[in-house]
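A.B. asks: Structure in structure tokens, see below.
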Amino acid sequence: MIFVVLAIVKPSEGALDAHYYDRSCPAAEKIILETVRNATLYDPKVPARLLRMFFHDCFIRGCDASILLDSTRSNQAEKDGPPNISVRSFYVIEDAKRKLEKACPRTVSCADVIAIAARDVVTLSGGPYWSVLKGRKDGTISRANETRNLPAPTFNVSQLIQSFAARGLSVKDMVTLSGGHTIGFSHCSSFESRLQNFSKLHDIDPSLNYAFAQTLKKKCPRSSNRGKNAGTVLDSTSSVFDNVYYKQILSGKGVFGSDQALLGDSRTKWIVETFARDQKAFFREFAASMVKLGNFGVKETGQVRVNTRFVN
């Protein structure tokens, strides 16, 4: 059953429009949905990767698809910045864009494709549905060194609040969007500092459930020959968009330090507790926060890239 949320956006938040392609490319959302659905059936990791792609794209220069641009001899692009090495699944957006170029040449921006695909993977995974506001244009600049501005898995709550506030997002938006980790996967490098030599007083991060820490240690052996894909899912129902992420934080099983930190701060603890108790409230807030993030710093004039990987 699809949980539909009507996210209300004030006109002052931007001039994007949910009906932007109704006349110029009426099949746009159907084409994107079918592409995403087929890719997800082929590769279960696609939903988490596309959702992360949307977050990482919007956090750098606004939602302008700069994350899709390839590096050149003179410039290392965002997709090759360290935080984006695990995003992958760019081929899904490329496939959707190729189909859109056949149906409606030079009409649907890559940025809009990412935003619609992010909504679709959430819905296909059991999460809420919302109307994506459209009309973004694609960026022409992409720099790997700007990925350092992404919120890190080691951030404390104050750092998280500051990072999200710089994108026009509130404390509640931050805790809500962190819930996107419910369909996430992490490599060991993002959390293994919590598992040994954490501090002078504690070998293991004391906010981490001890038994859970031992499980993570087995998944991330200190041996240098472990697989490059070693890691763990970010909640126990990683293929389902639900509120289990928040329930795990309550039991000390937040994988990232930044996840578990949400329980230790009075500014965020009550939100975690609310969402752990009320999945409908989480879904409602997540839809609204995704619209808000998707409308931050977007370009409404400029180019619609024909190829996702190159500037026209």
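These residue numbers are counts, starting from 1, taken along the chain as shown.
Glycine is no exception: its Cβ is also placed from the backbone N, Cα and C atoms.
Just so you know, TrEMBL annotations are computer predictions that nobody has curated.
In case it helps, TrEMBL gives these features for our protein:
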type: ACT_SITE; residues: His56; note: active site, proton acceptor
type: BINDING; residues: Asp57, Gly62, Asp64, Ser66, Glu78; note: Ca(2+) 1 binding site
type: BINDING; residues: Pro151; note: substrate binding site
type: BINDING; residues: His181; note: heme b binding site
type: BINDING; residues: Thr182, Asp235, Asp242; note: Ca(2+) 2 binding site
type: DISULFID; residues: Cys25-Cys104; note: disulfide bond
type: DISULFID; residues: Cys58-Cys63; note: disulfide bond
type: DISULFID; residues: Cys188-Cys220; note: disulfide bond
type: DOMAIN; residues: 15-312; note: domain 'Plant heme peroxidase family profile'
type: SITE; residues: Arg52; note: site 'Transition state stabilizer'
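Quick one: where do these features end up spatially?
C.D. replies: For Gly62 (Ca(2+) 1 binding site), the number of other Cβ atoms no farther than 10 Å from its own Cβ, over all displayed protein chains, is 19.
Within 10 Å of the C-beta of Pro151 (substrate binding site) we count 22 further C-beta atoms, all protein chains included.
In sequence order, Leu234, Asp235, Tyr245, Val255, Phe256, Asp259 constitute the residues six or more apart from His181 (heme b binding site) in its chain with CB-CB distances below 8 Å.
Cβ neighbour count for Arg52 (site 'Transition state stabilizer'): 23 (other Cβ atoms within 10 Å of its Cβ, all protein chains included).
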A.B. asks: Report, in whole Å, the straight Cα-to-Cα distance of Ser66 (Ca(2+) 1 binding site) from Cys58 (disulfide bond).
C.D. replies: 9
A.B. asks: With an 8 Å cut-off on Cβ distance to the Asp57, Gly62, Asp64, Ser66, Glu78 Cβ center, who else from the chain surrounds the Ca(2+) 1 site?
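C.D. replies: After dropping the recorded site residues, what remains is Cys58, Ile60, Arg61, Cys63, Ala65, Ile67, Ala111, Gly139, Ser142.
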A.B. asks: For each of the binding-site residues (Asp57, Asp235), count the other CB atoms lying within 10 A of its CB, then report the residue with the highest count.
C.D. replies: Asp57
A.B. asks: Would you mind listing, in sequence order, the residues at least six apart from Cys104 (disulfide bond) in the same chain with a Cβ closer than 8 Å to its Cβ?
C.D. replies: Tyr21, Ser24, Cys25, Ala27, Ala28
A.B. asks: Run through the Cβ atoms and count how many others sit within 10 Å of the one on Thr182 (Ca(2+) 2 binding site).
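C.D. replies: For Thr182 (Ca(2+) 2 binding site), the count of other Cβ atoms within 10 Å is 30.
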A.B. asks: Hey, for the Ca(2+) 2 site built from Thr182, Asp235, Asp242, who else sits with CB inside 8 A of the CB center?
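C.D. replies: Neighbours within 8 Å of the Cβ centroid, excluding Thr182, Asp235, Asp242: Gly179, His181, Ile183, Leu234, Ser236, Thr237, Ser238, Val240, Phe241, Asn243, Val244, Tyr245, Gln248.
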